[in-house]
Amino acid sequence: MRIEQDLKLGFKDVLFRPKRSTLKSRSQVELTRDFTFKHSGRQWSGVPIIAANMDSVGSFEMAASLSKHNVMTAIHKHYTVDDWAGFVKNNDAAVLNNAMVSTGTSEADFQKTKDIMALTEDLIFICIDIANGYSEHLVEYVQKVRAEFPTKVISAGNVVTGDMVEELILAGADIVKVGIGPGSVCTTRVKTGVGYPQLSAIIECSDAAHGLGGRIIGDGGCSCAGDVSKAFGGGADFVMLGGMLAGHEESNGEVIEKDGEMFMKFYGMSSQSAMDKHSGGVANYRAAEGKTVLLPFRGPVENTIQDIMGGIRSTCTYVGAAQLKELTKRATFIRVQEQENNVYGKE
C-alpha cells in the first residue's frame, strides 16, 4: 500500500485567470480544430465536442443535429446493423464523418463492428468503450481492431493515468478516452472507491498522449460550459458530454409525464436501468455503478449546443485565445474554494 500526496483537482477546484486580449468580440474566436491522427493518418476538421455514447444521448438523431455544427456524436452500441444501414442510407458524408461507431470487446462486438464499417467508407471513427480501461484485454483488442482497420480512427478507454494512455496509443489507438467516475449519473467512485479528479486526469493524460503524437477525449464531469472550457484548457483535444446533452428531443430517451410536466429518463450505462434493458438485469457477481434520473424535457438540442459553444468562445476572449487550440497555451488556472454566488440559487 502507498499514498500519493500530490493534490489532484477537479473542474470545481479552479477558475481561469483572465489575461490581456486583442480580441474585440467572441465572434472572432475559431472553435474548429484540424487533426491528423497518428496511426490512421486520417484528417478531421470540426468542433471537438462529442455527444457521449449513452442510450439517451448518443442517438442517430443527435448525430444528424450536431453534425450541422461539425460536432461529433459517439453513437451508442445498442443499435443493430440494420439500424445502422438505415442511418447510412438516409445521411450523407457530412453526418457520417462525425459519427463514432461504439463497440465493446467481445467477439460478437468485433463482428458487428466489421459489419457496420462495411456499410460505407464514410464511417471513419471507432470507439472501443469499456468501463475499466486497465484490462490487458483492452490492449489486445485495440491491436486486433487496428490490424483489421488500419485506416480508421480508433478511440479507446477509459483510463485516467499517463502510463495506460501510452500503452493504448502504442497498441494502435489514435485517441484515448480519459475519465473514471466523474459523470453525472456514474456512481463508480462511490461503489468502488476508484477514480481520479477529472481536471488532473486530463492534464496528466494529455501530456502523455501528446508526447507520442496521440490525442485524448476528456470524458465526463462537465456540468456547464465553463467546465468544458476547463477541460480544453487542461489539454483535452476533445470533450465528451453526456448529461449536458441529455433530456433533448434528439436524445432518444424515454419521455415521462409527471404532474403535467414532461421529463426524460437519463441513466448511466452501468446502472440498474441500463442492465435491465440490455443484459436482463444486474448479474449476481456485480453491482450497478450508475444512477437513473428524470430530467426536465429541454426541447431541441440546438439552443444547448449554441450555449456551450458561446461559453467556450467567451472563455477564449477572457484569456486572449483567438483559436480553441491556443486555449491550453493561454490557460493559467487559479485554485479556488468558491465558483459562484448562489444567493439566488444556482445557474
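From the backbone N, Cα and C atoms, a Cβ is placed for every residue, glycine too.
The DSSP secondary structure for VAL228 (NADP(+) binding site) is helix. Under the heading NADP(+) binding site, Swiss-Prot lists 108-131, 216-239, citing sequence analysis as support.
Swiss-Prot lists GLY181, GLY183 with the feature K(+) binding site.
Within 10 Å of the C-beta atom of CYS186 (active site, thioimidate intermediate) sit 25 other C-beta atoms, taking all shown protein chains into account. Here Swiss-Prot flags CYS186 as active site, thioimidate intermediate, drawing on sequence analysis.
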Whole-number Å value for how far GLY234 (NADP(+) binding site) lies from GLY183 (K(+) binding site) (Cα to Cα): 18
For CYS186 (active site, thioimidate intermediate), the one of THR120, ILE126, ILE216 that lies nearest, given that the binding-site residues are compared by Cα: ILE216
C-alpha spacing of GLY181 (K(+) binding site) relative to VAL228 (NADP(+) binding site), in angstrom: 17
